[in-house]
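The next block holds one structure in the form of structure tokens; read it before the comments.
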């Protein structure tokens, strides 16, 4: 036995201790270590250890480095390991004490573990003994949070189990042990293990080891024993332990009595100390622990082979016994095995002493043990084989046949024992059971009998104690019990009966046996004479059928005919089912083969796409550095304005999450599809579909969704988020129970695991409904269903309480809205103050320090700031003009919400009453309804009404629930009344759920069952294009095009008008356009009528506004293909489409400008026979049309890749000599064209399309930042899952769900805003109708009168003749003393002006007389194009000059923008772009069409033009018959102006102007009414504002005329008097 060697080592100061100016409290002298108490002077504690290492100061002569520590401890322990002992070295101490440094060290200063490993292999290599073989195995594990982890095997990520073996002791199950052959192998393993360790930053150490690490070396020495001739081995286990901080010593279990227990190892402990005075307590604790560790005593033994040790001891014992016998005079033979004859004679004669006798017996036992231990493996195998043969012989006597390996393979009739053999209806199941009849009594009965039964049978007609078989002297007697049915050879047995071999025994009615007695059978064969004549016919087999027929015959019942009939019926049924199964199998096989082929094509396409994308990405990354250096300077200092803009943009776009929503929809679509497929196959009648949930006022998230939401946003502060996050959930429609639930995506995945398990069990062994219910009850329920409450939420509504700020009663009718934004009914609620004595009242606290109230208020402020940020460019209530505010009774200068009545005094009690009156509009499907309400911050039980009946007939049901509430007035309460509502929730019970009707449907899966035609659809602009736009056809020349790498920052946009023609060779040698059937019903907006077998060309003309950035250099390629008979291009793969060809090109050229617009045209030769398509090689049958796609690759200047114009053509092929003209339709225009021959005009035989050209910076499109932001989430909605064919075309929702949810949120937002404004208007109306004397402190009426009187004075001043026209008056601009409300209103107007025109330069300084009072409409509309001198009423200008000046201003502005962009890029750098061209599907709906007079800028004359408005485009034609668009105006980018100033300036009536970036258009109508109609068609909002302003002007003029007339009458009366 030996004690634990204990060493202590003190480290230097670390950076933290230097920063605190710590003092040293440790001193060492030899083996003595002393610690001083920094708090008590001259207080020391001294400890003595085996080693005390001073490693504090490297300059100290007593400094102990790593080599000293290893030489004292490591070398000694390594010697013990070679001796065969287990060795353990562990480091102990507080966090940051230097334990890991002592054990592992650093790369240039290795610790104990690397030294031991290096020295171990060094000594192995130095050994010269060839009889010894060495092997080394290592393992590395850590213990963290009571979990054991394997650091060497990355697959063992879980926690390993610690086991205890009775021989091996404690060990870790499945811990990796790696064999190593050199120190380099161990070093690599240690590096990998250290990387996997758990470390964390602490106050003591930045990379503190937070776990216990155990590095174990299993060192085995195999050598041949010279005494025994056997190979023996010594196994040493070297455990090197790096413990965690001493504050985690509890985890090691090394406390209390455990410190006094030793182990089978040579152990050394190194205590790591901190010298700093701030760690005095921890250092003292470590020293005390080390001092106690010295008391541990270890019982270490050499770990050698047990057999070798025993053999060696036995040999010593035999030698001793031989020597003892020789002293007794007994001579033994030389080999030592048998005793000699002389010794045997002495023993028989009795001359041998008792000592000799005992010695001889012991000698024999020892030699026997020696023989067993020295027995070879072959001898042991032969002995085992002999025992096996004996065992098989014994089993054969019992009738059990076995294989050579000992496994039982079957049974046969025993040769001696009587027994019963079972007979079954199935021949394969007969004679499979043998029941032995033992000597004496063998009891037969059920297992629950009071007396144990030897043969246990179950089933009907078998009683607990059925019968007894008595076996006496080879005779077997059947003794039936009372009331037991027993038959022998068809006869019922009621008394004991001896049975013979071959007898048929039936117990009960279904257990049939044949009795076999081997002895009787042999006797019968022996008695049978060899010459006995055998029966001529075949012997009938004694089987189950024989026994049943025998029973029926003896009992008088014959069912043979019935059985034969049943067999015939079963055979026919089997044949029929087999034919159906074969047919179904063949259909499924074909479907699976088609599906596999389609999936293989998808995989091939995806692999090629990814490979090309990877290649383009690599090439772009190689060039991105050079491009970045050219564009971005090395150093750039941001201004404060740029920093603020960047922060604003980052804050604004931080909460846009449509890409992440799409990722969730795409990534989880396969799980949703699999759940639906399993539901259909298991007939669960449950549907799953994606749904988006947003935490709004009307749709708060369920609690389980909030938990998932918090986990997703754990990294963000939820309180600082201005808008609630939208999450993807799953809508579970339970058609069986008529319920709807919402699951999170995590819940869907968990439930899907249970669904798969249920499906697997159902597939393996179909169960009955009873068994399924039993499994669901034991396994925790069916994963498809959730429990649902009796009452279900109908909707929510909110009532604001600002009316309580004033003692007025307010009755409100508020809508009940569900989570989809649909109004489900209305609720009437009364809110009023209560005075006097109140008998019953609920008390609610509004403490200013309430965290819930603070959180609500903070969220409101954040949302208010966010709304200001997001709605800065929108037209809100503040954007209304002063006249509009007066007309609509808006009093913005009266902030009545900030006023508080005298009845609300702080710290006083205030009582108000909430009365729930009636509910209306609720569907009659809800039989019982009730309502409850609560405050936003209150989580206690809500105030609820009693349920009432809802019949859907008669007057609206009434609750008439009155609730008095008493509150102690605080600032938080007053703030709540101003800003926040109370929540009302309406619940109802379904009399008959709408889903019940669907649940009764016989179909397995109902597609789109959730759609409701009565729900208002979203606006048209929120829907994607109704007809899908085809993607460009892949080009063989430009295979590296990558549109996914384009930036989201758009440099500029341009509208392109494209005319497409197909020309055929005419007899005169020219190519003329073919006839086009213009029919708006076709998706392509026209059908080309071609002739078969004629040469063709495709002609494409591009018309656009002139711009220096858009210059078409040449046409690079025209590709045509995707030939089909349907408009949609669904499953056509360009790689496998053999009909795609590249056309021969004719160079593009610029033509003469058309209305100051550039015209670029190119042609391509088209030979339809090259497609090798039957559709193009034959005449098109009647009623059929051919569709194809064409893509043109155009090269633009300053663009890195070509732009692509893609269009779908619709065409019909006629015979070569057939006459072509548009088909007859009820369209009168078509009839006129046919009758007049206008369809032969070349200008009408084309198809017009509008495209949008977007130029994006090429640097942005290929920058690494953009590439990192590209989300490559695989769309799993198209992946195949088993059972998908049963879904009948159902697909998970995708982008359309986001559009629909946007509309739902828009509806909810509109309802919130409407209800908030409605409440304010109701409060203001009640205040206006209330006596002024009651509200002296508020004085709303006086404020309104002051504002109205000042405005009336300004507008009605008779001193200026232009007052009726809102002219400028000098008196208006005279300074006056503004009130506070007027000053606030003025500041709001100024801020509003600056918000609407932030990018324009400051206004020029002009004379006051040249100004006029503009309205807000004029500020936002007119100021963009009109200068102050033009708008002056004293000046006039001609229409042509105005048009030229407007065009010049817009062109100059565009030029300035271009110059500004070039200045930003630098004079030497030309910008490069990535072009994108997308077709804009123009709406077929015509808002307005007719003739307008248009002013031509060249001639200055008015010209009559045909104008068609299809928002957002306006098309201009020469006349009504003209089919060629002369101009296209994008109204979304145009400025529309119509004002009285414009009319006075131009001296023209009934005019309005449209100004674009490049040109201006002045248009005139025949009447003022038509002006309004055209403006309404172009811009309905502008038309409404102008009409409202015009009517207001007329009213003001009328009032002024009346006042003037009244003044004249007064003057006349005065004169008369």
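The backbone N, Cα and C atoms fix where each Cβ goes, glycine too.
Owing to the predicted nature of the structure, the values given are computational and were not obtained by experimental measurement.
For reference, TrEMBL has these:
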- 93, 94, 95, 96, 97, 98, 99, 100: ATP binding site (BINDING)
- 560-609: coiled coil (COILED)
- 3-264: domain 'Kinesin motor' (DOMAIN)
- 265-296: domain 'Kinesin motor' (DOMAIN)
- 1485-1583: domain 'PH' (DOMAIN)
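In the domain 'Kinesin motor' (265-296), helix, strand and coil residues by DSSP number 17 helix, 9 strand, 6 coil. Counting only residues at least six positions away in the same chain, the Cβ atoms of 9, 11, 55, 272 sit under 8 Å from the Cβ of residue 98 (ATP binding site). Residues in the domain 'PH' (1485-1583) partition by DSSP class (helix H, G, I; strand E, B; coil) as 25 helix, 39 strand, 35 coil.
The Cβ of residue 95 (ATP binding site) has 22 other Cβ atoms within 10 Å, all protein chains considered.
For the binding-site residues shown (93, 96), fewest C-beta neighbours within 10 angstroms: 96.
Put plainly, the binding-site residues 94, 99, 100 were compared by Cβ crowding within 10 Å, and the winner is 99.
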